[in-house]
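Report on the structure given below.
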Amino acid sequence: MNPQAPNSNAADTSSGGSAVIAWLFVGLPLAWGVSQTFLKALALFK
Amino acid sequence: MADTSTSILDRSRTIAGPGYNRWLVPPAALAIHLAIGQAYAFSVFNKPLGSLISGDPAKPDALDWTPTQIGITFSIAIVLLGLSAALFGKWLERVGPRKAMLASALCFGGGFLIGSLGVSLHNIFLLYFGYGFVGGIGLGIGYISPVSTLIKWFPDRKGVATGMAIMGFGGGAMIASPLSVALMTHFKASAPQGVAPTFITLGIIYFIFMQFGVWTIRVPASDWAPAGYVPNAEHSALVTAGNVSADNAIKTPQFWLLWVVLLTNVTAGIGLLETASPLIQDTFSDKAMGAGLGVTAAAAAGFVGLLSLFNLLGRFFWSSASDKLGRKTTYAIYFGLGILLYTLVPTLGHNLQLAFYVIAACVIVSMYGGGFATAPAFLSDLFGKYQVGAIHGRLLTAWSTAGVLGPLIVHQLHDHAKEQGLTGAAAYQNVFYTMAGLLVVGLLADLAITAVKEQYYEKGPVTVEAGGH
């Protein structure tokens with residue numbers, strides 16, 4: 001097995017930044033959907 | 001031109017280079033699952049589709065589609081999900097996740113476009129073919145497309161990785177439901193109930209959104225492993241050291257025991273989800289609680305929303321927990337705790353303990369979601385990484401079966417109880433006791449799972465990333 005190759009700091013920062021953007025791309029719509037559902041769920045406690 | 005576009009989609013062109021961040025893979029998978037999870041929000045179209053002619057859901061025209069006719073669309077999609085996951089699993093392992101994700105996006109997006117034509121022409125068979133058949137194939141291929149890739153990237157956290165993706169399927173409905181309502185409202189003036197243009201818009205949006213997954217996904221090089229990872233360090237005796245092909249997997253008792261495990265867990269969960277809204281309104285009605293104190297329709301919708309949230313959270317929580325607890329123990333918890341809660345719920349309803357009732361239902365639904373999310377990691381433990389996506393696809397036929405069986409059991413038992421004159425909590429108690437009985441079967445199946453015998457292992461080395469020798 002070949003362990004994950006060590007990266008330069010620049011590459012780490014770049015791929016870390018891409019990962020953050022990628023998570024935001026899917027996380028924001030999901031957060032919106034969850035918030036809408038949560039608001040709907042609040043009706044149960046009124 | 002054609003050669004170039006084909007090669008870009010090939011598995012060989014998706015092998016990650018040095019420095020690729022494996023945490024890019026779960027969002028790629030989520031982009032697919034968040035899109036196809038829309039299927040669980042299809043019911044938002046029920047009333048608009050049922051009043052395309054009359055324009056008023058309260059006064060349907062004789063030519064309007066009936067709720068049963070519309071419901072068939074979703075059933076076709078779920079059956080096709082299971083069938084296409086089973087049929088295309090080996091193809092997916094061969095061609096890789098990128099081509100499979102693109103096929104899924106084309107079918108899912110295209111299904112909406114064909115479906116919109118069916119709505120515009122008021123031809124139900126075109127709707128069945130578009131959203132149900134073509135879209136259902138997109139669901140099946142999309143559902144399994146990132147699973148084996150995630151397991152290969154996260155051999156140290158299989159449950160966490162697959163839990164994140166499959167959580168997306170639960171979350172997709174939460175996005176689709178308010179989005180569809182907003183689009184139908186926007187387009188209402190230009191088309192009957194605004195449904196056809198909403199279908200077109202959703203088809204385009206989902207196709208584009210899924211492209212993020214298509215072009216972000218990468219498979220690891222065959223000799224890649226996370227830093228510090230020691231293969232087969234897991235303590236469980238169930239974790240295989242070999243690799244079993246999809247064709248051999250279905251010859252093992254372990255596959256069919258897990259099939260029963262998934263079938264019973266999903267059927268029981270559907271039993272609750274299918275009846276959630278009328279269940280809580282009937283059990284905690286004004287008649288039972290006192291005038292003005294019963295659960296209203298709006299509060300019942302809130303209950304359904306709360307269950308959706310726990311379905312989503314359970315997928316991630318339980319699947320992640322299974323990395324520590326072991327898959328067999330995790331399923332034993334689903335079944336053991338599930339039996340207790342399903343048996344308790346009718347009593348809680350009878351005693352009008354609303355808070356405990358809601359908590360019990362939320363825990364049950366979290367384990368329903370957890371059952372879906374833990375399955376790929378369990379399969380990988382039992383059969384290895386070789387063709388785990390294809391084996392997962394075949395296992396999903398249990399979901400399709402449960403999708404037919406669950407509602408059937410629930411409606412039969414509830415109708416029978418009403419014929420007997422039972423009302424409120426009493427009308428549902430046999431549903432819950434039957435589901436508890438089903439979970440006993442699931443528990444026994446889970447406890448019977450042992451390590452796969454070496455006779456089923458592939459002989460000689462296998463090329464895991466190609467899914468073949």
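In case you wondered, yes, glycine gets a Cβ from its N, Cα and C as well.
Owing to the predicted nature of the structure, the values given are computational and were not obtained by experimental measurement.
Features of the protein shown, as given by TrEMBL:
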- B:1-454: domain 'Major facilitator superfamily (MFS) profile' (DOMAIN)
- B:23-45: transmembrane segment (TRANSMEM)
- B:65-88: transmembrane segment (TRANSMEM)
- B:100-119: transmembrane segment (TRANSMEM)
- B:125-144: transmembrane segment (TRANSMEM)
- B:165-187: transmembrane segment (TRANSMEM)
- B:199-217: transmembrane segment (TRANSMEM)
- B:255-273: transmembrane segment (TRANSMEM)
- B:293-318: transmembrane segment (TRANSMEM)
- B:330-348: transmembrane segment (TRANSMEM)
- B:354-379: transmembrane segment (TRANSMEM)
- B:391-410: transmembrane segment (TRANSMEM)
- B:430-449: transmembrane segment (TRANSMEM)
Contact check, the transmembrane segment (B:165-187) vs the transmembrane segment (B:391-410), 3+ Cβ pairs under 8 Å, seq sep 6+: no
Answer yes if the transmembrane segment (B:199-217) and the transmembrane segment (B:23-45) have at least three CB pairs under 8 Å among residue pairs 6 or more apart in sequence, and no otherwise. yes
Name the range, of those listed as B:65-88, B:125-144, B:391-410, B:430-449, that has the largest tally of Cβ pairs under 8 Å with the transmembrane segment (B:330-348). B:430-449
Checking distant contacts: for the transmembrane segment (B:125-144), what same-chain residues at least six beyond its ends satisfy Cβ-Cβ under 8 A? 32-33, 35-36, 39, 42, 49, 72-89, 92, 100-101, 103-119, 169, 199, 210, 389-390, 392-393, 396
Mean pLDDT for the domain 'Major facilitator superfamily (MFS) profile' (B:1-454), as a whole number? 91
Tell me if the transmembrane segment (B:23-45) touches the transmembrane segment (B:255-273). I count contact as 3 or more CB pairs below 8 A, with pairs 6 or more residues apart. no
